[in-house]
Amino acid sequence: MSVEWLRNLAGASLTEEEMQRVPYPKTELTAHVSIRFMQFNGLIGTWIIGPILALSKKEHRNLSCLKAKMTKAGRAGVFLGVPFGVLATYAKIGKESDPYKIWDRCYRLRHNRNQVRVDQASTVSTLGGAVLGVASGGGAWFGALMGMSAGIMASAVYNNKLEKDEKKRAAEALQKDNTP
């Protein structure tokens, strides 16, 4: 990872030369994959495993136990995301002899605005959720998991809308070009 990676995540405008500057491609790719695993595992733990655990015992079927189970499973998912991400990255690139391919993947990820938007929304919403969780007495972890979930879902909806709008504009331009 590098200053350029952080600036890109923060939404700063980078020159093409700065986008190409990837001094530690394996580290950057490992961080990207680990973040994805943390997000995925956190979502699965919070919204699937936690509720299943809360519903599995009759005495746990109340809101406070549901919240506790969602928080515990979500937190475990986030923590498991780090080693899973590292293992998945090195299982894929461990035998890669061409460092250019790893650099190229990092470079393309930096240019993938949809991926960057998900990371931005997830990061900001996680931090905001943690602050709100502490301020409301709901707990930093529960707030962070709710914020992360909201950020991921909101950015996915937004990315989908942008993609649909782009397809619509392209179809209209094509139709306009084909009319005499």
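Backbone N, Cα and C atoms are what each Cβ position is placed from, and that goes for glycine too.
Quick caveat, the model's predicted, so the values are computed rather than measured.
Summarising the annotation, TrEMBL assigns transmembrane segment to 37-55 (among others).
Positions annotated as transmembrane segment by TrEMBL: 76-93 (among others). Distant neighbours of the transmembrane segment (76-93): 26, 29-30, 33-46, 49, 101-102, 145; these residues of the same chain sit at least 6 beyond its ends, with a Cβ under 8 Å from one of its Cβ atoms.
Here TrEMBL flags 140-159 (among others) as transmembrane segment.
Non-local neighbours of the transmembrane segment (37-55) in the same chain are 61, 65-66, 68-78, 80-82, 84-85, 88, 118, 122, 145-146, 148-149, 152; each lies 6+ residues outside the stretch with a CB under 8 Å from one of its CB atoms. Using a Cβ-Cβ cut-off under 8 Å and counting only residues 6 or more beyond its ends in the same chain, the transmembrane segment (140-159) has close neighbours at 39, 42-43, 46-47, 67, 70-71, 74-75, 78, 114, 117-118, 120-134.
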